[in-house]
């Protein structure tokens with residue numbers, strides 16, 4: 001390090017503030033807003049959707065190429081880079097394996113616990129159906145559900161609130177570059193996994209698929225860093241990957257592995273990661289992500305096949321499998337395409353309705369139900385209501401189908417329960433969930449059994465007899481008295497005539513409201529499966545109606561329409577595009593349906609977008625997260641960098657007094673988490689930009705390890721920063737004496753000498769493109785003499801939005 | 001336009017050259033190189049792989065946001081942007097439909113012409129087999145092939161050489177940002193389509209799939225611009241899309257639609273486009289690309305189903321369909337995975353061998369066979385040799401299989417040819433290519449016929465009897481005497497025992513060398529199908545060997561190994577990753593094989609990359625194209641922008657004398673096709689960068705439409721440039737009088753006032769990332785006072801490459 005002479009012209013007073021010409025004074029804005037908002041109102045938190053929170057920081061997906069970094073990179077030779085590359089592959093394999101194992105764990109535990117619960121409840125109902133006093137059964141069911149959900153809700157609300165929900169919005173934000181505290185911690189993973197098991201077992205209208213994405217991401221973040229903050233263990237491996245860029249890439253792989261394990265959709269997983277996160281497509285990265293996804297579904301498949309006793313069978317690639325759609329029997333014709341498009345419209349409208357209702361509910365929750373105990377109470381209430389609704393619906397439903405007509409299609413029952421259930425003997429069966437042999441060909445519309453020569457194992461459930469006469473089963477119960485995954489598969493594959501239209505209609509209606517109420521509760525749970533279930537129910541209803549209208553013609557197979565309805569409803573709610581199409585294609589194991597599914601999803605998205613945005617985007621916006629979309633609003637060419645930037649901006653000089661640095665870092669109001677470095681020489685061009693120091697690479701270490709020298713001199717290594725990443729000690733934790741404050745520090749070593757800059761005349765779309773494509777955290781705005789006039793950060797770009805009446809600007813809030 | 005006072009300090013002499021501190025003098029380099037190279041050697045063109053051609057220009061994927069552009073964008077309101085968006089969708093639909101129709105046209109014409117040819121040849125052979133004098137048959141076959149190929153080669157060599165080959169390297173380059181003349185012209189499309197039909201009919205070892213990608217791209221470029229240069233027609237529509245950025249997006253969609261039509265793989269198509277081209281992933285763009293792909297495969301499917309007489313059947317989504325792989329019968333077990341990996345290794349080695357041989361061949365061709373007539377002669381030679389080899393192989397092969405044993409699996413033959421071929425009556429059949437009903441379940445290894453209850457139509461061919469006794473067929477002929485697509489499907493699906501291992505071995509060997517010789521000929525043709533065919537042949541051989549070794553155990557189905565071999569061979573040759581996996585998955589219509597296919601492709605790529613790079617990349621490099629890979633070489637952190645940039649760079653002043661501008665534009669040696677604009681005021685900071693004019697947006701129009709004014713004043717519109725795009729009139733075509741030379745021109749209106757710049761200390765990877773991610777054409781390098789010191793263009797980045805011994809630098813050549 002060279003010793004620069006101390007320049008007497010440098011005043012040691014306050015900060016260097018430049019660029020006073022700016023028309024936006026950020027701090028003023030915040031101060032105004034703060035005075036407007038009432039402080040910590042006990043019962044109600046005011047909130048609206050046109051706010052942008054200042055509490056979210058940005059991740060830095062641009063390597064800060066400071067001297068330390070460059071020195072290290074230049075030391076590494078070609079062979080060492082190959083080792084790094086091999087490590088990346090190893091990490092991806094580990095991510096895949098662990099994600100697959102976590103999915104197996106969830107699947108097996110849920111299956112056993114849910115089986116146990118339904119066995120207990122069904123036994124109880126069967127007992128009281130004979131003796132009278134069914135209200136006890138209802139009470140038992142509701143209490144069981146509520147208490148299980150209570151545990152699930154308590155761990156989320158009190159231990160790790162970020163584990164609530166599906167985690168998809170959080171992962172979207174993370175991949176977008178927003179730092180959400182605790183989102184990829186081991187503790188979050190544990191709470192998430194336990195929470196999702198408890199929610200599903202608690203009978204809520206939720207799925208266990210969405211949370212797998214979050215779980216995969218946490219696993220990836222943990223493995224790739226070679227340590228755990230929650231466990232306080234550092235394995236001293238993979239240190240090269242301890243920076244935002246590398247971590248993000250692995251988190252993409254983890255999210256993809258999660259999708260892959262959830263739906264058996266490795267390609268869909270890759271596309272999900274790319275669609276939601278990656279802004280820069282890199283062939284090698286994508287290939288690694290795909291590798292992780294494949295390993296994940298393969299692991300799940302292998303372990304589950306061993307668990308189910310038919311090793312090497314490899315027939316369950318995901319947590320949910322839609323079962324086999326046979327494209328000869330269930331092909332579609334061109335005439336059906338308008339019908340599918342109509343279903344897409346219905347799905348879009350219903351999805352928009354779902355989102356709008358959930359919007360009001362969420363707003364209500366943010367305002368009034370913000371205390372953990374209230375959140376737990378609400379979750380318990382929902383659990384109890386769900387059980388009650390299910391019970392009442394099953395009780396009131398008079399849709400008893402003869403078990404004979406249905407089980408002809410299931411000629412052979414294996415798994416220790418070959419005998420048909422008779423009377424109340426249900427409790428003695430070892431497991432309520434059974435494996436059936438069923439004919440591979442779904443019976444045709446006339447109800448004739450298919451040829452039984454090619455048997456195929458699909459996961460199904462023995463139809464429950466509840467409240468029906470012997471030899472009959474309750475078709476409402478096949479939908480309600482079951483985990484939602486199995487209900488979806490039943491709706492897809494049960495032969496025509498298994499459900500009465502009234503049952504399906506009532507089920508759709510009730511489940512729609514239940515699912516809508518459930519999403520956003522403080523429990524770990526996903527919305528994919530409930531959406532599919534609602535859609536499958538009305539889709540099947542639609543198919544049955546068509547069948548009536550066309551006098552039972554062969555093409556109106558209700559299972560096919562259930563699939564299209566499910567796609568339409570899910571598309572209408574989440575509004576994903578390519579990735580969802582591929583996920584659905586892979587989950588059906590059939591590429592023939594690709595075209596109609598695409599049409600349905602496209603229509604649902606267009607129609608839905610007309611009314612209200614997608615559920616995940618809506619929640620991101622309600623959280624006031626500064627999320628950057630793909631492009632700047634189309635009509636924003638009239639804005640320039642000068643108008644959007646934050647100014648004045650706090651700059652540091654290349655050689656700066658330690659006291660000044662400490663003061664700047666301590667003052668949160670002027671802290672942009674990154675500081676342009678300007679030339680120290682005291683001529684007219686003092687403000688000329690010559691570098692950039694993000695606070696993450698800021699030499700906190702310098703202060704920690706400081707020696708009593710006139711210039712802080714200990715040679716820092718990149719390792720010092722890597723060991724601290726990602727939680728650098730706050731400046732407040734360091735005591736700096738008065739003497740030390742007078743020392744000078746040379747920032748040359750820590751600053752990035754070639755930060756990206758834009759001229760102040762650049763239009764907003766241009767700034768946006770640069771910022772988004774390179775994943776920046778700070779972008780320095782300079783004039784044509786390269787003098788710093790301001791800085792563009794994430795919130796400056798995220799606050800412009802295309803509203804109904806054109807460009808609108810969000811207010812900044814401290815919440 | 002404001003009138004700036006003429007500044008007397010501006011000298012009207014030569015150019016403003018600045019940044020003399022640079023250590024690279026580009027022009028010197030070129031001059032040196034030129035003197036080294038002998039001028040237009042008549043017989044041999046010296047060439048080596050370490051050259052970078054200067055003749056390729058760059059496309060500009062960054063919008064030049066000059067005043068005209070911004071004014072227009074600001075005028076357009078929200079609704080108008082929605083109209084633009086709808087137009088984009090309409091264009092994508094049209095791209096899909098037209099690409100599908102072109103694929104149908106190729107398919108139908110090839111099928112009929114090839115059928116005709118084989119009928120004639122077979123009739124002739126049958127006749128001479130009885131009478132003796134088979135050399136006449138050979139002569140007929142060879143002459144037929146050679147003359148058809150001659151026509152195909154002549155049109156390519158003399159009319160449009162860019163239509164040669166598969167077109168995939170060209171489209172890769174286009175999407176990468178390299179301007180290749182004529183690559184997306186209508187004329188190229190016509191030659192490509194005719195050429196590919198003639199090549200396939202001419203019996204070369206080629207496929208018609210690769211060229212579909214190029215065809216789709218041309219269709220997309222044509223439609224999106226709303227005019228055709230070849231036809232000299234301007235439809236005055238879609239004028240908004242007349243710039244490189246928009247055109248590139250549509251070309252991506254076209255390429256994807258081409259893949260989709262070729263392989264029935266819409267998702268694979270999207271991934272191909274992204275993997276090869278897009279550097280910036282945008283959800284809406286991807287979704288549109290997917291839409292075009294889906295429409296394309298759907299169009300092809302519908303038209304072909306109508307053509308084949310079973311409308312609405314939708315069973316042929318692509319030009320090649322691998323047929324149905326039944327995942328119950330042909331599932332894989334975990335024990336097989338090491339075997340698949342081994343096959344991947346074999347594929348990688350064979351692929352590397354193929355590429356290495358083709359490398360030497362291509363080098364030879366560049367040096368010696370560069371005259372069109374020689375190219376035509378070579379193509380004819382290859383055609384004749386291919387026919388001869390086929391004939392001799394069929395003749396010498398004593399692999400006659402009883403037709404009985406095989407046709408048991410084809411119980412029902414439809415299509416007007418139900419009778420079995422007997423004797424020489426072959427000519428009277430209406431079409432040699434027939435439709436069979438075959439059992440859906442491929443017979444098991446023991447050769448027992450599957451249960452015939454579920455019939456399925458697959459396209460197959462009646463086994464030819466050639467040189468075999470009545471009631472037998474020649475199994476070598478099923479591979480050779482057929483279009484390669486059908487041979488591939490036969491190898492995948494013919495029941496075990498259809499081929500003798502000797503036949504397969506000989507076939508693999510001969511076809512390997514033929515395909516290798518064929519790739520790079522001056523004909524339109526793809527390498528996908530020959531690669532698949534080679535792989536399927538050795539894969540099947542491998543499967544049969546395994547079957548022998550394991551005493552015919554059920555899992556060693558030769559069809560499955562043929563598929564894995566095909567994947568391995570193709571992966572070893574082209575080295576595509578995710579997109580190829582998905583294409584293979586979609587072509588088999590089966591997601592179960594995803595994991596083994598991925599493993600095989602990954603192994604083949606890793607092994608192949610160890611020896612030599614992929615075929616397409618190799619050809620791109622042999623053409624000395626400045627292709628930018630995903631990332632800068634890993635060890636290039638030691639280079640900075642200062643070291644890689646071109647300097648001195650020709651700058652223009654904001655107000656410049658017309659004569660100076662004309663001189664600069666006329667002087668090709670100093671023309672970087674883009675000029676930094678510097679401040680005109682004559683103080684110390686004269687070289688301060690204040691904008692950038694690419695020559696494409698340079699006011700040629702100004703000179704064309706000039707008036708006799710002291711300052712050129714006619715108000716230009718963006719439309720003027722759009723009408724001229726992409727072929728702006730060269731400056732030499734404009735006569736500028738001496739008076740006009742003295743006029744001053746104000747560039748403020750045309751220049752981009754906020755060009756991307758990098759400081760001269762930025763490392764090469766950093767510069768590369770900015771350049772690649774934003775698709776730039778020019779990147780101005782400035783010092784810390786914002787003064788221009790140099791410029792980075794594509795060739796400056798492309799010339800650094802990671803060789804065997806670390807970083808190497810390519811020489812620049814004018815070739």
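Heads up, the Cβ atoms here are built off N, Cα and C, so glycines get one too.
Here TrEMBL gives transmembrane segment for one range in the set B:50-71, B:116-137, B:138-159, B:160-181: that range is B:138-159. TrEMBL lists transmembrane segment for one of the ranges B:224-246, B:316-338, B:339-361, namely B:339-361. Between the listed ranges B:502-521, B:622-641, B:642-661, B:662-681, TrEMBL ties the annotation transmembrane segment to B:502-521.
Under 8 Å from some Cβ of the transmembrane segment (B:376-396) lie the Cβ atoms of residues 134, 137-138, 141-150, 152-154, 157, 202-205, 365, 369, 466-467, 474, 476-477, 480-481, 506-507, 510, 514, 517-518, 521-523, all in the same chain and six or more residues away from its ends.
The stretches the transmembrane segment (B:284-307) and the transmembrane segment (B:561-585) are not in mutual contact, being linked by fewer than three Cβ pairs under 8 Å (pairs 6 or more apart in sequence). The recorded stretches the transmembrane segment (B:527-549) and the transmembrane segment (B:89-110) do not share 3+ CB pairs below 8 A when only pairs 6 or more apart in sequence are counted, and are therefore not in contact. Long-range contacts of the transmembrane segment (B:250-272) within the same chain, counting only residues at least 6 positions beyond its ends with a Cβ under 8 Å from a Cβ of the stretch, are 91-92, 95-96, 99-100, 102-103, 171, 174-175, 184, 208-210, 212-221, 223-224, 241, 278, 285-286, 288-290, 292-297, 299-301, 316-321, 528, 576, 578-580, 582-583, 585-587.
Stretch with the most C-beta contacts under 8 angstroms to the transmembrane segment (B:502-521), considering only B:89-110, B:339-361, B:561-585: B:339-361. With a threshold of 8 Å between CB atoms, the same-chain residues lying at least 6 positions outside the transmembrane segment (B:189-206) that come near it are 102, 105-106, 109-110, 113-114, 117, 141, 145-146, 148-149, 151-152, 155-156, 159-160, 163-164, 167, 214-215, 218-219, 222, 382-383, 386-387, 390, 483-484, 511, 514-515, 518-519, 521, 523-527, 529-530, 533. Counted with DSSP, the domain 'CBS' (B:751-809) comes out as 16 helix, 25 strand, 18 coil.
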